[in-house]
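J.: Pasting a structure below so you can have a look.
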Amino acid sequence: MILRSLTVACLIAGAPVYAQAPVSDVTSGSLSTRMAALERMVEARANAQHSVQEQLDLLQNEVNELRGAVELHSHKLEQILERQRELYLEIDKRMEAVLANSANQMTMMSQQQQQGTYQAPTPQSTPSSSQPAGVGENEAYDRAVNLILRDKRYDQAIPEFEAFLQSYPNSEYAANAHYWLGQLLFNKQEWAASSAHFDKVVNRYTDSNKRADSLLKLGMIAQNQSNLARAQQLFEQVIREYPDTSARKLAEPRLRALKAN
């Protein structure tokens with residue numbers, strides 16, 4: 001009995017030795033490390049994105065500055081080109097007025113010759129029309145124009161324009177040069193030569209601001225040559241293709257006169 005009691009006492013006394021051991025979290029350190037690594041990755045990515053965004057903003061600002069500079073220069077260039085167009089339009093108007101006055105003088109001379117009251121002017125020597133060496137495109141064109149506007153030497157202007165076209169056949173002023181040759185020859189009543197130059201303006205330089213006037217002059221030449229059907233066709237073309245031009249205003253009364261006859 002005493003032995004059984006001792007055995008039970010020993011078992012009770014040793015019970016704490018066999019109690020359940022506490023469980024340690026072997027994964028807590030690893031998870032914390034991984035979380036810290038992820039946080040560092042996210043932070044690095046955020047910093048990289050921020051840096052890229054700053055670079056993009058900087059590039060965008062530079063692009064905007066360049067775009068503004070281009071727009072400014074384009075505007076200034078357009079102003080220069082517009083001024084150049086205005087100057088050439090003014091030159092063309094002055095040339096038209098001078099040539100119209102020349103045509104009126106030739107008509108008066110013809111009437112005086114018929115009446116026997118005309119006295120021919122003393123002929124003046126004219127310099128060679130060959131262009132001096134080193135003359136550029138603009139200078140050559142201005143030289144020919146000045147013979148009409150400034151010097152009023154219309155006959156001398158003809159070979160000057162011809163020399164200009166021979167030297168610069170692809171010039172931006174080629175259409176104008178052909179037109180003024182046609183006009184000068186028109187005033188001399190050289191219909192075939194005049195018509196050839198106006199034809200070139202009409203067919204080669206379809207965007208030229210002289211095309212409407214060239215069509216009108218071709219109609220007037222056809223009318224002077226008694227080719228009335230051709231004249232009517234050309235006047236109608238002017239009215240149809242260029243309704244908002246002075247050429248239309250000049251073509252309309254001529255067309256009405258043709259239809260009335």
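Along the chain as shown, residues are numbered 1 onward.
Cβ from N, Cα, C; glycine included.
Keep in mind it's a predicted model, so treat the numbers as computed, not measured.
TrEMBL lists 49-76 with the feature coiled coil. The compositional bias 'Low complexity' annotation in TrEMBL covers 108-133. Annotation comment: TrEMBL describes 30-102 as domain 'YbgF trimerisation'. According to TrEMBL, the region 'Disordered' annotation covers 108-136. According to TrEMBL, the feature repeat 'TPR' maps to 212-245. Look at TrEMBL and you will find 1-21 tagged as signal peptide.
What does the local environment look like for each feature on the list?
T.: Secondary structure by DSSP for the repeat 'TPR' (212-245): 27 helix, 0 strand, 7 coil.
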J.: I need to check the long-range neighbours of the coiled coil (49-76): which residues 6 or more away from its ends have a CB within less than 8 Å of a CB in the stretch?
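T.: Tertiary neighbours of the coiled coil (49-76) are none.
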J.: Do any residues of this chain, six or more beyond the ends of the repeat 'TPR' (212-245), have a C-beta under 8 angstroms from a C-beta of it, and if so which?
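T.: 179, 182-183, 186, 189, 191, 194-195, 198-199, 201-202, 251-252, 254-255, 258-259, 261.
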J.: Pop the mean pLDDT for the repeat 'TPR' (212-245) in here, whole number is fine.
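T.: Value for the repeat 'TPR' (212-245), mean pLDDT as a whole number: 95.
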